[in-house]
Structures are given as structure tokens and as C-alpha cells.
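Engineer: Quick one: the structure is below, and I'll ask about it shortly.
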Amino acid sequence: MLNIQRPRRNRKSAAIRALVEETKVTTDDLLFPLFLIDGVNQKVEVTSMPNIYRYSLDLMLKEIEACLKLGVKAFDVFPAVEDSFKDKTATKSYDANFFYLRALREIKKQFPEACIMTDVAMDPYSSDGHDGLVKDGKILNDETLEILGKMALAQAETGIDIVGPSDMMDGRVGYIREVLDANGFTDVSIMSYTAKYASAFYNPFRDALDSAPKFGDKKTYQMNPANKSEALIEAELDFMEGADFLMVKPALAYLDIIQLLKQNFNLPIAAYNVSGEYAMVKAAAQKGWLDGDRVMKETLLSMKRAGADIILTYFAKEFAQQVK
Ligand code: PBG
């Protein structure tokens, strides 16, 4: 008889494996990004994201209702804006009559119990397709903050729960916190895109919103994928400026960053399982090269295991349907 340790004993049956399971993903952890378009009765699939649609408000309300029944309770709503409404200064982003802000008001009215997050960044409304104000080919920081402040305030006025600054301008969390507080919105939370990398994984999202930069790239504001210490600097600043959640984006190729922030900060950590990560799994599954359902569950699990308390994922509804 060999005298060896036998860790396999804890794997010998499904019942024992369940007892010793360390990490579980549930619908409580998930936040579902949704794409909104203007109009009525519109549901258009995003070409590079099978089973993900841009919805007009009436159909988005139905989608949210279906998700709530499945246990998905949190949503991040992004607007897809027609070119004719885009300009240099993202004027429509704080126009209370624009379809996005009107829709948010209606969503909160119909589903007060749902947690609704909004996106604070210029790119969906910018004729330059950048997250900041462009002047002579440069992305201006402080001038952008003023626009972000107006945008966050206009969103808060609709009754939403969390604003998500996704632009990576310096000082935006503190600036937005001040604007919100000064206007009585002390209860509106900030989920900061803390470590947002200049990643190749965002292309399907830019297809969905038609928001690709018109020139250059986003490397002067989004982080270099090679950098890790810088994520700690960003996290420290966001923490000091008053963020309620710290986000890492993308997720799958940045599990080390998720773990790093989890170990160094006591705020809840969110991971954004981005559009390209979704597209990769779907494409391989469509070809029959991977079992898409199992890969979905395994990747979500890896994010939670790395330290994510919250996962923003296009798989939210599908995951909920499967675990139901
Ligand atoms: C931009 C923004 C992006 C995403 C969310 N907000 C893309 C970008 O930086 O160009 C990407 C989300 C995804 O890929 O799923 N403010």
C-alpha cells in the first residue's frame, strides 16, 4: 500500500464536491449591460454579439421584466445615438428630453426595485468618438470633467441608482461626487471604471453603439495592458475621491488585476466581462469548437474566484436561465 495523501477523497461524489465547493456564482452577483435605441418596437441584434440586442424602450422594459423574474436585478443601460445627434461636446448627454434620459426615468418608474446603472462618458454622443473633449487632436482632461459632471447630474435626476464613469479622465470620480452632493444626490453611487485598459476586446461594443474613435486610439487615457502598479494608483485615487465600487475592465485577461484590487481595498470589486470576451465564446461555440455554456460558467467562476464581488456580463440572462 502506498503511503500518500489523497486529496481526491474530497472529489469522490457530487455531494462531497458540492460540500467543498469554494466559489459560487449566482444571479445576485450579476449586472446586465443593455443597449438602448430610440424608437418603438425595435429589437436589432448586434452582429458581433449573438443573442444581444439593441432595444427601443418599450421592448427594453419587457426584457428587464423578464430578467427580474429570472433573478437578475441590476442593469447597466448604454445609449446607441444616431450620428446626427452627435457633436464635439456631447450636448445630448445632458439634454433631459433626449431619449436616453427619458427612458431611464421610465425604467425607474416601472421597476423601482431594479438597480439601474448609467454610463458616464462622452463617446456615445461625441462626433469624435472619444471619451474626452478633443482639441487639435488632443483629449482635454479638465474641460471634459465639466461635461461629465453635467451628464452625471442629468442621469441622477432620472432616479437611477449608480453612475458609471467609464472614460478614465483624471479626477472624474471626485468631480462627479462633488456635483452630485451639491445637488442633493448624496445617495447616488459611483461605480468607477478604475482600471480600464486600452484593450482590443471592446470592438463588438463599439459596433453595438457605433462609437469607435474617428481618429487615433484611446491610449492616452485608458491604461496600458502591460501595467499593474498603475492599477493600484488608480484604485487609491478612486477610493480617496469617493468611489463606492472599483471596477476592472476587461475581466478575463485581467484576473490578476481583479485579485490585486481585492487584496488591497475593502470596497466591492466589479469585473466587466466585456463584449469581446462574450463574442469569443459565442463564435467558438457556434462553430462547435467549445461548449459555450460550460465555458460561460467557467469564465464567470474564474472572475469571482479572482475576487470580483460583481460581474458585469452579457451572459447574465443566459446564465440565469440555465441555473433556474
Ligand atoms: C466607453 C466604453 C466602452 C465600453 C464601455 N464603455 C468601450 C471603449 O472604451 O471604447 C466597453 C464595454 C464592452 O466592450 O463590453 N466609454
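Note: Cβ is positioned from N, Cα and C throughout, glycine not excepted.
Curation does not apply to TrEMBL; its annotations are automatic.
Annotation source TrEMBL lists active site, schiff-base intermediate with substrate at Lys196, Lys249. The Mg(2+) binding site annotation in TrEMBL covers Glu234.
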Engineer: In whole Å, how far does the CA atom of Glu234 (Mg(2+) binding site) lie from that of Lys249 (active site, schiff-base intermediate with substrate)?
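Structural biologist: Here the two Cα atoms lie 13 Å apart.
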Engineer: Under a criterion of Cβ-Cβ distance under 8 Å and sequence separation of at least 6, what residues of the same chain contact Lys196 (active site, schiff-base intermediate with substrate)?
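Structural biologist: Result: Ser166, Met168, Gln222, Met223, Met247, Lys249.
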Engineer: Report, as a single number, how many Cβ atoms besides its own are within 10 Å of the Cβ of Lys249 (active site, schiff-base intermediate with substrate).
Structural biologist: 25
Engineer: When a 10 Å sphere is centred on the Cβ of the residue listed as 'Mg(2+) binding site', how many other Cβ atoms does it contain?
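Structural biologist: Step by step: centre on the Cβ of the residue listed as 'Mg(2+) binding site', count other Cβ atoms within 10 Å, giving 23.
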